[in-house]
Amino acid sequence: MQAEPAFDAKAFCAGLPSQPGVYRMMNSAGQVIYVGKAIDLKKRVSSYFQKNGLAPRTQLMVSQIAGIETTVTRSEAEALLLENNLIKSLNPRYNILFRDDKSYPYVILSGHRFPRLGFHRGPLDKKHHYFGPFPNAGMVRESIQLLQKVFRIRTCEDSVFSNRTRPCLLYQIKRCSGPCVDLVSEEVYAEDARDAELFLQGKQTEVLKSITRKMHEAAEEQEYEQAALFRDQIQSLRKICERQFVDSGRALDADIVACVAENNGGGRVCVNLAMVRGGRHLGDKSFFPQNAEGYDLATVAEAFLAQHYLNRSIPDLIIVGERVPRESLQALLTQQAGHKVIINVNPIGSRRVWLEMATENAALALEQMLGRQASQEERLLALQQALDMTGLSRIECFDISHTMGEATIASCVVYDNFGMRNSEYRRYNITDITPGDDYAAMRDVLSRRYHKIAEGEGNLPDLILIDGGRGQINAALEVMVELGLNDANLVGVAKGEERKPGLEQLIFPGVKKPLQLSKDHPGLHLIQQIRDEAHRFAIYGHRAKLGKARVSSSLEQIAGIGAKRRQSLLARFGGLKGVRTASIEELQQADGISRALAEKIYRELH
């Protein structure tokens, strides 16, 4: 077989155009190892093959180049967009990679006649109003709780709202004004919803004026209880403003991006993103990019801006602590956002203070991450030594969860590169086995998980943990032998005689005596961490499946209740719980339910 000719960099570069575009560098296996953009393709690509001035990391990358492909674009901004689409899809070895697949959450104020306040993640619907995005779900829930306390907006689903006959607990604790049972007029509720919307838009001054006016009007009409309620609203709002608003002058939307590196460069990097919407500081989020070691912080910041805002909501202002190429990034982000986006790399005054705070948070997050990683490295090394293994990195753990054989779920969680990899977790519905047969369930999930690896797709993890004892590990071994994966490293994690944490025994195939590590052994702590996560993930899925099954089965067992009537009942009362608490008269109001059938349903459920 004739060898592939060596890559002739000089000849290749000579034929490149002096135009903007994107280049893809490939190794001898045809894998893309780096994607880059250029204002001038000829100059940029040629610079990689100069004799001096290349960083060691770049030299290593260039030594692996076996081919280069280029795409000419109409502008630098277009090249930047294409570059980052390719980086997202190809995950090249030498590109800085930011992984954050989950979309950001929003507060939603629905378009209902009595608007509902809620948590939303996913596509936006023009019928509703959305506020955010927020950096994490916790900040959304905190905002909802604050808005409930101040404006008493409902949070119940529309199906529950339309079928209530008495106010819920939230009304009793003054977190809802009770529109479901007409305890507040539509006009008054609409005013409260409008004030909540204005507040979320950052127009807190307007909201305070509105509530103050209503307080004075109530006092003049000697409605002192109502006036006191407005007074409490004003006090709560002022406290929130003191804590959350960073720019009381106007409803500012801005992101603040700060970067720090371990040991002032050369090590791990953290990018902290602080979000301000409507003048409110919504919190921050830290990112730890892959392959960023050795790059200067300006390059890291540029990669973050280009990758993070791809197909995401973009604010009017982005404050960055590094000298990034403003013109091309502003052009790209403005095009993406559909409105003008300004990148400020030299903030002054209060905005400089925001950047300093974001930088401090980035440094703190990096310090905490490195501390956790050091602990994980210690645990992983201890486990390697205890198991007499080398090169231990990727661990997968399996658990089975069911209730007396019902709603069986298997979980697989993944530990890799010193941390749990949530995006790689998987749940498996287990059917077609004898209910309660844990061994059959384990055979099923392992066969489904590893059959593609047996066919040559992908690689086995370095270690497979099975939550269970000798029977479970034997079942796992049978599957691996059947699949031809005899070199799989299997370890069973049995709870020990007293089933107490710290007394776990490690079971090995073909080894009669189990291994029991001391309670304070770092390797045991890592196994417990992974096993507990598999257990949690399995139970969560099992409970969801069980709840869904029982909602249907409780009504299905009642003679005369078919799919149509069951759906009518669940829709009217907002679920099985609502059906159970309904009176005979209330049940009778559902479509297709006669008096006799309502009495039968009531008897069966009580």
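Note: Cβ is positioned from N, Cα and C throughout, glycine not excepted.
Bear in mind that the values here come from a model prediction, so they are computed numbers and not experimental data.
Annotation source Swiss-Prot lists domain 'GIY-YIG' at 18-96, citing sequence analysis. Swiss-Prot lists 205-240 with the feature domain 'UVR', giving sequence analysis as the kind of evidence.
Predicted-model confidence for the domain 'UVR' (205-240) is 77, expressed as mean pLDDT.
Secondary structure by DSSP for the domain 'UVR' (205-240): 33 helix, 0 strand, 3 coil. Sorting the domain 'GIY-YIG' (18-96) by DSSP state (H, G, I as helix; E, B as strand; all else coil) yields 30 helix, 19 strand, 30 coil.
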